[in-house]
Each structure stands twice: as structure tokens, then as C-alpha cells.
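Q: Sharing a structure, written as C-alpha cells. Questions coming.
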Amino acid sequence: MFLLFLTMLLVPAVYSDPSLKVGFYKRSCPAVESIVRRTVRRAVSRNPGIGGGIIRMHFHDCFVRGCDGSVLLKSGPGGKQSERDHPANNPGLRGFEVIEEAKNRIESVCPNTVSCADILAFAARDSSSKLGRINYAVPAGRRDGRVTVFDEVTDNLPPPTSTADQLVANFARKGLSADEMVTLSGAHSIGASHCSSFSARLYSFNGTHDQDPSLDRKFAAALKATCPRPPQNGGSGRDPLVPLDSATPNWLDNKYYVELTAGRGLLTSDQTLVENSLTRKYVAKYVAVNARYGATWTAKYVKAMVKMGSIDVLTGSQGEIRSSCSFVN
């Protein structure tokens with residue numbers, strides 16, 4: 001195992017919005033982080049895939065309207081669709097029920113105090129802890145947004161077909177560097193993706209009937225055994241889930257980067273990281289059979305997660321504290 005296990009990694013110099021602070025609920029709801037931690041650990045113990053889903057949900061939340069819990073909102077009356085219903089989130093995102101369970105438990109002891117946006121940030125940290133022993137302090141104080149817009153997902157989230165240059169540009173718009181983008185991509189060490197997100201690499205690469213030449217042949221054959229041809233290519237229409245990292249699918253570590261160098265990146269947006277001269281050098285930092293490189297990635301992952309969790313946050317009197325994470329008050 002390449003990852004260096006850390007019992008608690010605290011990085012005081014990490015960038016975060018000055019309105020957020022560690023221990024924000026120390027007086028108003030001192031049990032909040034332990035409640036979220038217990039709820040997440042119980043859910044992830046039953047289904048490890050939930051942990052990857054929660055981390056991904058935090059990312060999807062922060063990249064659309066900032067880290068305001070808008071991804072948690074269900075569609076309202078009148079057929080107006082929310083972020084949650086966008087194909088990038090439905091059916092791919094998992095763990096909504098875990099966030100709602102944590103919220104209900106918190107409301108029973110600290111009503112109208114803790115935001116859903118903060119619960120999601122805590123839950124992403126606790127998923128990283130459960131599946132990789134990566135622990136870190138989460139600055140809190142976010143408020144919940146009242147708006148969710150379906151089309152903003154398309155405008156802000158990078159699709160799984162993104163090239164490295166597109167990813168770099170997308171993350172730069174959120175204030176994140178190319179290095180931080182590659183670091184956060186390492187979260188694909190856990191979780192799963194539907195075949196439809198990458199099947200073009202298997203059956204119709206660049207409009208042909210060939211497979212993506214960057215794919216390892218044995219890996220591609222294994223994927224074809226699981227993923228049928230897309231309906232437009234005469235397939236069955238089934239859309240199974242496949243682990244994002246075939247080597248350590250339920251453990252958050254730097255093995256993801258080793259898989260990329262072997263042509264076993266599942267998504268185009270994964271494999272592209274070793275095909276671009278800028279991002280390849282960052283991948284190379286994490287590829288070595290040496291615990292030191294696991295520790296390097298872990299420390300940078302913590303800093304990048306905290307920084308991402310500060311994107312365009314609502315604080316103070318902005319937004320609201322929802323009573324239910326699925327609906328505005």
C-alpha cells in the first residue's frame with residue numbers, strides 16, 4: 001500500500017475563506033462533527049461506494065454556485081429541475097440519504113444551527129478518513145443557498161470526456177491550479193462510474209468503430225465484458241457501474257496515478273492527465289513504490305479539499321440554514 005497512514009493531518013496554512021473557521025460550531029453545536037462522522041462511517045461500512053459518492057457530491061456542489069448545498073435540493077413544483085436531476089448528478093451521485101440522515105440527527109439536538117453545506121463538507125472529510133485514513137480539520141460556517149439551476153451544471157462541471165487543457169481551464173475558473181486539479185482527481189481512487197460515461201472509448205472512439213488506443217488492451221477487454229455497446233451502436237441499453245480504480249476500488253490512495261501510467265484510467269478525463277505535458281509531471285510526482293509519495297499526495301489532497309470547500313461560500317446573514325437538506329425553508 002503506497003499511502004502513508006495519518007491519524008490526523010492538520011494544515012494551518014491551508015487557504016480557506018476567512019469567514020470560515022475550524023471549530024465554528026464548538027459552542028452552538030459541539031456534537032455536530034461526531035454525529036456526521038458516525039453517520040458516514042456506518043453508511044460507508046455497509047457500502048464503500050457511498051464514500052466516493054459523497055466526496056464527488058461535495059465537488060459537484062462547490063463547482064456549481066459555490067459550496068452552498070444547492071446540489072442537495074430536490075426539484076420544486078411546476079417541473080423546474082434542480083442540479084440534482086442533471087445527468088451529471090443523476091443517477092451518478094450517491095449518498096443523499098446519508099446527508100439527510102445526519103441532518104435529521106443534528107436537528108434533533110441543535111435545531112436551525114448547522115447548514116447542509118457544512119454537513120456535506122464534514123461528510124466528505126469523514127469519507128476520506130473511513131476509506132483512506134485521511135483526516136483533516138474542516139473550516140465551517142457555510143450557509144445554505146436557496147437557488148438551484150439545472151443548466152448551471154452543464155456550464156460549470158467538466159464532463160468525463162474533458163481533455164487536460166479543458167480541465168485546467170475549468171479548475172482555473174474556480175481558483176484552483178493545474179496541480180490542485182491533478183491532486184483532486186486522485187479522489188477517483190474510490191467510487192464508480194456508469195458505463196455510459198466512457199463506453200465511447202470502447203466502441204466508437206473519435207467517431208470510428210475502434211477503441212481508444214491509450215487503453216490497456218486487457219483492461220479494455222475486461223470493460224467490454226461488463227459494459228454493453230451503447231444503444232446507438234446496437235447495444236442493450238444497460239448501464240452498469242464500474243469502479244473508477246480497478247486496483248484499489250475501496251481505498252483512497254495514490255495507486256490511481258499508477259493505473260493511469262499503465263493505460264488503465266477509466267474516463268477520458270482520467271487518462272488525459274498522462275497525455276498532457278503539464279499534467280503528466282504532476283502525475284509523475286505520485287507514481288512510485290515509496291510511502292513518501294503517498295504522503296506527498298495525501299498532504300496536497302488535504303490542502304486542495306479545504307481550498308475547494310471555500311469556493312464562493314455563503315456566510316454571515318447570506319442564504320439560510322435549511323431544516324431539511326432537500327428543500328429550502
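Using N, Cα and C of the backbone, Cβ positions are placed for all residues, glycine too.
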Q: Just choose from Cys67, Cys110, Cys116 the cysteine that TrEMBL connects to Cys325 via a disulfide.
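A: Of the candidates Cys67, Cys110, Cys116, the one TrEMBL pairs with Cys325 is Cys116.
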Q: With the disulphide bonds as TrEMBL has them, who is the partner of Cys110, out of Cys29, Cys195, Cys227?
A: Cys29
Q: Among the binding-site residues Asp61, Asp245, Asp253, which residue has the fewest other Cβ atoms within 10 Å of its own Cβ?
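A: Ranked by other Cβ atoms within 10 Å, the binding-site residues Asp61, Asp245, Asp253 bottom out at Asp253.
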Q: Whole-number Å only: compute the distance from the Cα of Asp245 (Ca(2+) 2 binding site) to the Cα of Ser70 (Ca(2+) 1 binding site).
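A: Cα-Cα distance, Asp245 (Ca(2+) 2 binding site) to Ser70 (Ca(2+) 1 binding site): 28 Å.
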Q: If the Ca(2+) 1 site is taken as the center of the Cβ atoms of Asp61, Val64, Gly66, Asp68, Ser70, Glu83, which further residues of that chain fall within 8 Å of it by their Cβ?
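A: Surrounding the site, in chain order, are His60, Cys62, Phe63, Arg65, Cys67, Gly69, Val71, Gly145, Thr148.
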Q: Filter the binding-site residues Glu83, Pro158, Thr248 down to the ones within 10 angstroms of Cys67 (disulfide bond), Cα to Cα, kept in sequence order.
A: none
Q: Want to know which recorded positions, from Pro158, Thr248, Cys325, are within 10 Å of Ser70 (Ca(2+) 1 binding site) at Cα; which are they?
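A: Cα filter at 10 Å returns Cys325.
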Q: Counting other Cβ atoms within 10 Å of each residue's Cβ, which of the recorded positions Val64, Cys116 comes out lowest?
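A: Fewest other Cβ atoms within 10 Å, among the recorded positions Val64, Cys116, is found for Val64.
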Q: If you measure C-alpha to C-alpha, which of Gly66, Glu83, Cys116, His188, Thr248 (recorded positions) come within 10 angstroms of Arg56 (site 'Transition state stabilizer')?
A: His188
